[in-house]
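Remarks on the structure that follows.
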């Protein structure tokens, strides 16, 4: 049963009628550009064909009624005319409440909706299931009430909900790619200006995401530490963010003993990762998969050695993928670190053999079982 069929059936059961509209918003994978977003840098994600789908019906009053088809049809109801508070027991509700709260704060004219929500973005895998939900809800209100919001406005509203209402300090990348992705393209995003450039992906290219199934500990505290180290390096140079520092300036400061070695390493990752991300957009566009593979390997090594956010099982998984893909693509860890997923780019003809190799070798070397997702670069949010 497709997601659309699922939300349709649950909608009929819950509300006894047909929905007015269906909207969708995808998850994402970041091909390269890690921990650069909060440093005002560049990222190169693509939307994937795992998504959140909403069936909706306009209401004449100010009540929002949501049914979560993936959580045993749990319901949430709240009013647009009362202060929107966090739900004490249902975490999923807060992503929706937060999005609606910040739409209202922008002075937009909303009425209520009946909604059924379902998604197949793997949770806890670093593929942005939460951003997909936030963007889907923003898109639902935008399309139901002709709010005229741009994809960037829907993305920023979702980020605001996650930062302020849910309490997770994410950058803008996840919501932005979910809102504005395009089929068969990656999106080069400047996280400072929010300018985007669509990057055509080669036709004969597969995106393989492998979940390491490493239990992730320390992610939040380590993330905050890395962020603070990057900010202290930017402060030393008197700039807003590491985006404004060159590698030459950084090396000069290090040679003069002006930076702690660990801060130097963290900053070196960010500065070189920005350079790699810009180069990767060009390599992808020209179909130079060998160059793309080199850049992905350099990115992974930098995350391992300078930013110190990989773990041994992830390094092993990347090595297995690199070995079996060869020179026609590459692999690297993607996401915040300390577990999560590896992203690989390879020829479609290689996919089955590479998955078989990963499923044989990774458990033998780590005792962990991988989960593989073969994806296509997909369209961003919209009605369907």
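Cβ coordinates come from backbone N, Cα and C, glycine included.
Listed in sequence order, 45, 46, 47, 48, 127, 128, 131, 132, 173, 174, 177, 178, 181 are the same-chain residues six or more apart from residue 28 (site 'Transition state stabilizer') with CB atoms under 8 A from its CB. According to Swiss-Prot, the feature site 'Transition state stabilizer' maps to 28.
Under the heading substrate binding site, Swiss-Prot lists 34, 35, 36, 37, 223, citing sequence analysis as support. Counting every protein chain shown, 18 other Cβ atoms lie within 10 Å of the Cβ of residue 223 (substrate binding site).
Feature annotation from Swiss-Prot assigns ATP binding site to 124, 125, 126, 127, 128, 129, 130. In sequence order, 209, 211, 340, 341, 371 are the residues near residue 125 (ATP binding site), counting only same-chain partners six or more apart with C-beta under 8 A.
The secondary structure of residue 130 (ATP binding site), as reduced to three states from DSSP, is helical. What Swiss-Prot lists as Mg(2+) binding site is 130, 162, and the listing cites sequence analysis.
Swiss-Prot lists 174 with the feature active site, proton acceptor.
Between the alpha carbons (Cα) of residue 130 (ATP binding site) and residue 34 (substrate binding site) lies a span of roughly 18 Å. Looking only at Cα atoms, residue 223 (substrate binding site) sits nearest to 126 among the binding-site residues 124, 126, 129, 162. A sphere of 10 angstroms centred on the C-beta of residue 37 (substrate binding site) encloses 21 other C-beta atoms. In this structure, of the binding-site residues 128, 129, 130, the smallest number of CB atoms within 10 A of the CB marks 129. Listed in sequence order, 42, 43, 191, 270, 273, 274, 277 are the same-chain residues at least 6 apart in sequence whose CB falls under 8 Å from the CB of residue 36 (substrate binding site).
For the recorded site, residue 28 (site 'Transition state stabilizer'), the DSSP three-state label reads strand.
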